[in-house]
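In Swiss-Prot this protein carries:
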| type | residues | note |
| --- | --- | --- |
| SIGNAL | 1-30 | signal peptide |
| ACT_SITE | Asp91 | active site, nucleophile |
| CARBOHYD | Asn264 | N-linked glycosylation site |
| CARBOHYD | Asn368 | N-linked glycosylation site |
| ACT_SITE | His417 | active site |
| ACT_SITE | Asp469 | active site |
| ACT_SITE | Glu478 | active site |
Amino acid sequence: MSPSSSSSSWRALVLVAAAVLSFSGHVVVAAAAAGHPDYADALAKSILFFQGQRSGRLPPDQAVKWRSNSGLSDGSAANVDLTGGYYDGGDNVKFGFPMAFTTTMLSWGVVEYGGRMRGRVLRDARDAVRWAADYLLRAATATPGVLYVGVGDPDADHRCWERPEDMDTPRAVYSVSASSPGSDVAAETAAALAAASLALRAADPGYSRRLLAAARDVMAFAVRHQGKYSDHVGGDVGAYYASYSGYQDELLWGSAWLLWATRNASYLDYLASLGANDGVDMFSWDNKLAGARVLLSRRALVNGDRRLDAFRRLAEDFICRILPGSPSSTTQYTPGGMMYKSGHANLQYVTSASFLLTTFAKYMAVSNHTFSCQSLPVTAKTLRALARKQVDYILGANPQGMSYMVGYGARFPQRIHHRGASMPSVAAYPAHIGCQEGFSGYFNAGGANPNVHTGAVVGGPDQHDAFPDERGDYDRSEPTTYTNAALVGCLAYFAGSYRS
């Protein structure tokens, strides 16, 4: 399949010149462009992506037609219903820890920027939140005193290349409890349920109350029974998404969300007892400190609650660590201008940081707040400019001239690391495709994927802005739910600011 031109192209894009630029000792080919991307189109596609990640029985209005029902017996190994939810990336495992973070970030985007989402886009965003929230609610309430945190055998799954509709690898079930605690995954699940309750409160007040009640219970469990889930969960679920930062950040994050959702001062007292910890320069499914501090800054700046100024100052410290030109910056940028944090799925850090920049800028603007990174003055405009540059890079303003969102723009990745996208749909090829047949017939094939996974944001280019577009390169070619989840809010903000 060759890349197809679509309405997602930058409508105002005019290639003015290609120039060889010297930047920090590197040589880069850059394209100058007038106008801006079609943020509204990118927003709609970034949300549509989640339909391609769905597990369970798909609804009649499913728009991604190359997907079908899958994982319909999930949970049966523990005699519970754990159907639904999302596959985290290009495999067929449901990891509760990153799924909960995905839900929290999607919900935060709806809460902050739902007013900038038009019509069906807002409905689709809420549907994406609810698909995950339904699963997390089942995982949190199916068995008293137990939180289910994963379905599927990661090692067995990764030894196969199968469509989710065909998968015949073990669907093991993993959980945490009082005797096998997991404060990290429990507090993140509480954050997700609380955030979703806010995102869905106007649309379905009764459901919102159910989510919040479950969030309270799961947060109490996280505080009462402390420990890292990767130390207690069997199999390799914890190994794939171990909380390397520990669980104090999730306890802070969960408390911050419950403070907002409930307005109960006991959560304020608890998060104050956790203290203000070390500075950080990234925000991810693992380390939530920066996100918690920005979230608490909302109350400090918008509501004038001076008790949270320490968290606001730490949020500013995070920003100073990622701003180009800041004397305290610890962040590398590629020659083409992309924030670079890791060789593995770097764009997850770009989208999460961009969301925090956009959101903190919103709080600054409302309160007429400014601050300084030593000698560098920082305004809301400063933060928005950096966030927009990162989003534009993802959408094609980069040395490759490639959009890293599948289906957006005239040129985008063709061979993403994704089982379902890389194999013919069940509708097109109903016969079962086995574990090893998938590798020989599809994974190792050199052509484009037969299914365009519209809206999927891949791991992204390397530190030199290079992107090989190879299916086997999961570091750069695999999309993840948490990469997209953080981008949704940014795109909603820019779609509302720059109407095409």
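In case you wondered, yes, glycine gets a Cβ from its N, Cα and C as well.
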Nearest of the active-site residues (Asp91, His417, Asp469, Glu478) to Asn368 (N-linked glycosylation site) - Cα to Cα: Glu478
Rounded Cα separation (Å) that holds between Glu478 (active site) and Asn264 (N-linked glycosylation site): 40
Set of same-chain residues at least 6 away whose C-beta sits under 8 angstroms from Asp469 (active site): Pro413, Gln414, Arg415, Ser477
Among Asp91, Glu478, the most crowded of the active-site residues [Cβ within 10 Å]: Asp91
Asp91 (active site, nucleophile) and Asn264 (N-linked glycosylation site), distance between Cα atoms, whole Å: 39
Tertiary neighbours of His417 (active site) (same chain, Cβ under 8 Å, six or more apart): Gly89, Gly90, Arg471, Gly472, Asp473, Tyr474, Ser477, Glu478
Candidate with the highest Cβ count within 10 Å, taken from the glycosylation sites Asn264, Asn368: Asn264
